[in-house]
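Here's the structure we're looking at; comments come further down.
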Amino acid sequence: MKQLFRQWYDLSEIKKELTTRNWFPATSGNISIKVSHEPLTFLITASGKDKTKTTPDDFLLVDHVGVPVLETELRPSAETILHTHIYNNTNAGCVLHVHTTDNNVITNLYSDAVTLQNQEIIKALDIWEEGATIHIPIIENHAHIPTLGENFRKHIQGDSGAVLIRNHGITVWGRDSFDAKKRLEAYEFLFQFHIKLLSIQGGVSNGANSYS
């Protein structure tokens, strides 16, 4: 029980911090944190809640397939399947899914992935080589959630990572809440920098507006 309360507090603090950055506009986004490994349970944001508010109904505890563990009238977020795929296939401890203007713009500039390189902040992703290059996959935003989940699952390759969904934000996961938040901050910095650089350079040679 102590672990549940501890993780609840941790997730609530993350929600507050991301809210101050306006990363949950119009009730969008969802976040989760693992509570137990065996059996697998995790806390996830309840669907349709105003994340700028803090209430006792912010989160609910679900099992390995996203079904509430305790009787509740709350519904887990629609994209809970993405979280279950991550927790069932990795040792990740926290998953953050947010919609920002920058991460949506990026998915309108590129097709299957965005490549970013030679930025110091890439070290926040535990990539230390000089001039490092990263590739962030972009998948289509299928309205059929099982199809979205299956396409997402193909890009889960470790205990930390990120996947962009076209016009539907980014999902980032990490070993724990600190690691996941650090990675999300790094990706959002990289997106913002890349978009500003393109605006100065006059756009991309191929791909700009191709997916808008």
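Any Cβ shown, glycine's included, is placed from N, Cα and C.
When secondary structure is read from DSSP and collapsed to three states, His99 (Zn(2+) binding site) falls in the coil class. Its Cβ taken as reference, His99 (Zn(2+) binding site) is surrounded by 17 other Cβ atoms within 10 Å in the chains shown. Feature annotation from Swiss-Prot assigns Zn(2+) binding site to His97, His99.
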Practice item. Would you mind checking how many other C-beta atoms are within 10 angstroms of the C-beta on His97 (Zn(2+) binding site)? Key: 26
